[in-house]
Amino acid sequence: MIKAAIVGGSGYIGGELIRLLSMHPEVEITTITSRKFAGKKVHKVHPNLRGLNLRFTDKYEFDADVIFLAVPHGTSMRIIGEFLGSAKIIDLSADFRVSKDLYEKYYGSHEKPELIDKFVYGLPELHRKEIKRAELVANPGCNATAVILALYPFRDVTSEAIVDLKVSSSAGGRRENVASIHPERSHVVRVYKPFHHRHEAEVLQETGVKAMFTVHSVDIVRGLLATTYFKFEGSEKDLLKRLLMYRGEPFIRLVTDKGGLQRYPDPKYVIGSNFVDIGFSYDSENSRAIVFSALDNLIKGGAGQAVQNMNIMFGFDETLGLNYYPLYPG
């Protein structure tokens, strides 16, 4: 049994961390911090967790084997010094995911550049061995996870890709924002980031492929779909053969149906789970490939992947506390 602390537990991903860890057979949650809600019971912020006897605190004094930093981008680098050396750390912000040069290009100046190289990029499908030995893990971004897994099998045959992303309202976080209130968000298919999305940096770092994201807000609460286009010389069988590198991965499901409504990945069928569904289509006449990847941005794109990383870091079964099917209908 290990002890876990969550720094920044009031957001959507923080709430999912609490939910997943509270059901994990090898974890005791010792501390959940929130400045705004200090002293309040967890269910006052996350009503789905009614019955869980935990309260928020604003104190950083706690006993833990693993610390999850579920704070806004830019905050982790400011506070991480308080925790270094006291426990293993899994950071869910973007602060330590990419190199100093990429960070400065996509985000701006970094307050703790000397720590970046000490973090392992926490995508288990690519870095399982490194994660197992790591003390510090940077949890990947949700969009980046979907696109990296789509492109990685093709990194040696393509250098550029175009990515169409459909993302849910929860991806914007829990802070009040006029763009996310119901009258403004309902029924939209809204382009909000046509160029230079920050998660492109993670894709470039992990695959070597220059991916151009165009992100659309759509009228769903959770989940995302990445549609990734690139040139590919070969056949449909060659495409599938490359994707079969994921055979045996516990949280990747290849969608290869030839007909029906579910012949391509759809975020509707991964909601509430740590699965990524990956499918494809191929235009042999024009040598164009499309790889589709769907995931729940709060689980495999956030809290679930963090728990998966924790399992690996502590030598637990990788699927422990995560081995359940998606909600349906959702």
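Using N, Cα and C of the backbone, Cβ positions are placed for all residues, glycine too.
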Considering the NADP(+) binding residues S10, G11, Y12, I13, S34, R35, K36 given in Swiss-Prot, which of N274, N286, N297, N309 is annotated for that site as well?
N297
Around K36 (NADP(+) binding site), which residues of its chain at least 6 apart sit with Cβ under 8 Å of its Cβ?
S10
If one measures from the C-alpha of C142 (active site) to the C-alpha of N297 (NADP(+) binding site), what distance in angstrom results, rounded to a whole number?
5
Report the largest Cα to Cα distance, in Å and rounded to a whole number, among the residues S10, G11, Y12, I13, S34, R35, K36, N297 that the record lists as binding NADP(+).
25
